[in-house]
Each structure stands twice: as C-alpha cells, then as structure tokens.
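Colleague: Sharing a structure here in structure tokens format.
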Amino acid sequence: MKRLVIMAAGTGGHIFPGLAIAETMKARGWQVSWLGTSHGMERELVPKAGVEMDIIEFSGLRGKGLQHTITGAFKLVASFATCFSILKRRNPGIVLGMGGYVTVPGGWMAKLRGVPVVLVNADAALLLSNKTLMPVAERVLFGFPADFGPAASKALVTGNPVRQEIISLPAPAERYAQHSGPLKVLVVGGSLGAKALNDAMPLALAMLPPEQRPVVTHQSGKKNIDALRANYAQAGVDAEVLDFINDMPRRYAEADLVICRAGAITVSELTAAGVASVLVPLLVSTTTHQRDNALWMEKQNAAIHLPQSELSAQGLAELLQGMTREKCKQMAEAAYANGRRDANAAIADVLEKLVKIT
C-alpha cells in the first residue's frame, strides 16, 4: 500500500491545493492522511473531504510578542515528538508539505524516519517553511518558473494543484455564451476576507445607477460578515454576502468578473478555469509576490491590476461602469490560455517516483 501524509495548515491557499492532491492520490489507490492544527481552516475542511487528520499544537514563532514566542518554542519542541509518533503510526512512504508552520516539525521528523519529503512552493519565491526544510527535501515543486536560488538542484516547475471541479469547467467561450442580463461579479478577499474590498465595494455599487449595477456575490470572511452586511445595507445596495464560499467551482462558472487578491493559488485557479479578474494584491511589507502575480496577469491581458493604494469607491465604480461581458470574455480566454491544468498529475507522478512502499 502506498501511503501519503499531506502537511498543510492555516488558510485556504494551503488547504485547497492539498485537498486537490489528496483527491488525485486517492484516485490512484493511495492511502492519504493529513497533518494539521486545531486552529486552521484544515480542521473543518479536511474531514469534510473524507481525509483522516492528525493534529499538532503549533502555530509558528514570529510576531505576537515575547510571550507568544516563548510559548511557541515549547510547543515546537513538543510538536517534534508528536510528529514522530504520528508518522510512526501512519507509516507513510512519502510526505508532502503544502505550506504552513506544521510542515517544519513534520518534515524534519519524516527525514529522521527515512521518509522522503516533497515540498510544494506556490509562489516563485521560497516560503520560509520551505527554506527551513531545504536540507531534508527530495524535491521542491514550484507553481511558477523563477530563480530558484538554494532550491535549484531540487526544483521542478509543475504548476500549482487546483481542484478537479475547477479544472473540469467548460472553456470560457462556452460559459460566457450562456451568460445574460447584468454582469455577475464575484468578490473574494481570500478565505479570511479583505477589509479594503469589504469597505470599497458597497460604496462603489451605490455610485452606479441601479439599472447599471452588476449582480454581486461577496465573500466577507467569517469575522467580517456582520460589518459587510451593514456596509451594503447602509449603502442601499443588494448583494449576496457569504462568510465563506463552499462551492467555488460553480461560482467561478457563473461569474463574468472576479475581484480578488492575487495569491498564487488564486491566480492558478483563475487561469485553470479561465475567469476575468480585477486583482488587488495584498500589501505585505516583506514580499512582492502578489504584486508580481497581478502584473504578470495584466501583461497577459488576463486581468486588471488594481493596487490597493489606488483602490477607491469612485475608481472601482468607474471600472465597473466601463466593463462589458465581451471584455470579460476576452480576459477570461487570455487567462485560460495561460492556465496549467496538468499540475495535479505532474505532482502525483513525482510522488509515485519517490515513494517508499510500506
């Protein structure tokens, strides 16, 4: 029996690609389990997908003050012992790190047990957790071509894993031909929401005459749903507001335009499905990954790059007013032309080559 432990924790950007690989490997007859935490999105999403999960109590060491750092250090030490015990019990032939701090103790303990370690790196630049695991990794699978630096000898560009339901959507020309009526806009701030989009979108729609307003579905993030609903009510605008979208493939299929962040997994999904987008990169002082992703998409005529520093209700209203379904379709087709729909199989093939039969 071929056994895989997937290590991933935190946000949807780590969890959904891992679930895509879990589905692929189970279809190939593998036994798959998950190593995660009790406080990340994996706690809810992984069991729903029918994947067994083991939990460690660790959430990283950076930020949040001295007490958090000290407590985190003790939890890190304990997590190594817990991971060793879990891996002994699960007896995997290979482990796959998708990102998040959970991969660090899991990866090192896998190496100690002689289990091959493969890492997925969604962005062109190395994740901090993957840098930490570089000495023990057999392969590092990148979502995008880049200067791989210290990972060069182990690097392989496979593209990012995307859920099969997204890959299997009809091509943009077929989908957009079936759309009619007002534009349908999907606003997604990532699995945790995005306050900048939550603030600007209701005001932007209020500036448009009712007959020119698109039909909007807006994912708020669980912590922001009440505030966002209040924003729409105060603006006098109707919108479908959801804390989390469980049926994203269907939402992509129905949308003419997606307004969202520019994370690597989001971009991979938009290009795999072929959906037009307005990309508002997350402002992070230490990286430019999302900005680079948005600029690349804009260069392919697949998206509009809207820096958060330039995001305003007035500007967003003008952008929406000038948007047509034909323009959206053209961007969607450009996105589709740049999509990789073979990443799941490419990653699965790497795992097949490196696995130890247990």
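A Cβ is built for glycine as well, from the same backbone N, Cα and C atoms used for every other residue.
Residues annotated as UDP-N-acetyl-alpha-D-glucosamine binding site in Swiss-Prot, with sequence analysis given as evidence: T11, G12, G13, R163, S191, I245, Q290.
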Colleague: Return the residues near I245 (UDP-N-acetyl-alpha-D-glucosamine binding site), defined as same-chain residues 6+ apart in sequence whose C-beta is under 8 angstroms from its C-beta, sorted by sequence, else 'none'.
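Modeller: I245 (UDP-N-acetyl-alpha-D-glucosamine binding site) has long-range Cβ partners V188, T217, Q219, R251.
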Colleague: By the DSSP assignment reduced to helix, strand and coil, which category contains T11 (UDP-N-acetyl-alpha-D-glucosamine binding site)?
Modeller: coil
Colleague: Given the binding-site residues T11, Q290, which one has the fewest other C-beta atoms within 10 angstroms of its C-beta?
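Modeller: Each of the binding-site residues T11, Q290 was scored; lowest Cβ tally within 10 Å is T11.
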Colleague: Around the C-beta of G13 (UDP-N-acetyl-alpha-D-glucosamine binding site), how many further C-beta atoms are within 10 angstroms, looking at every protein chain?
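Modeller: Result for G13 (UDP-N-acetyl-alpha-D-glucosamine binding site): 24 other Cβ atoms within 10 Å.
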Colleague: Over all shown protein chains, what is the count of other CB atoms within 10 A of the CB belonging to R163 (UDP-N-acetyl-alpha-D-glucosamine binding site)?
Modeller: 18
Colleague: What is the number of other Cβ atoms found within 10 Å of the Cβ of G12 (UDP-N-acetyl-alpha-D-glucosamine binding site)?
Modeller: 22
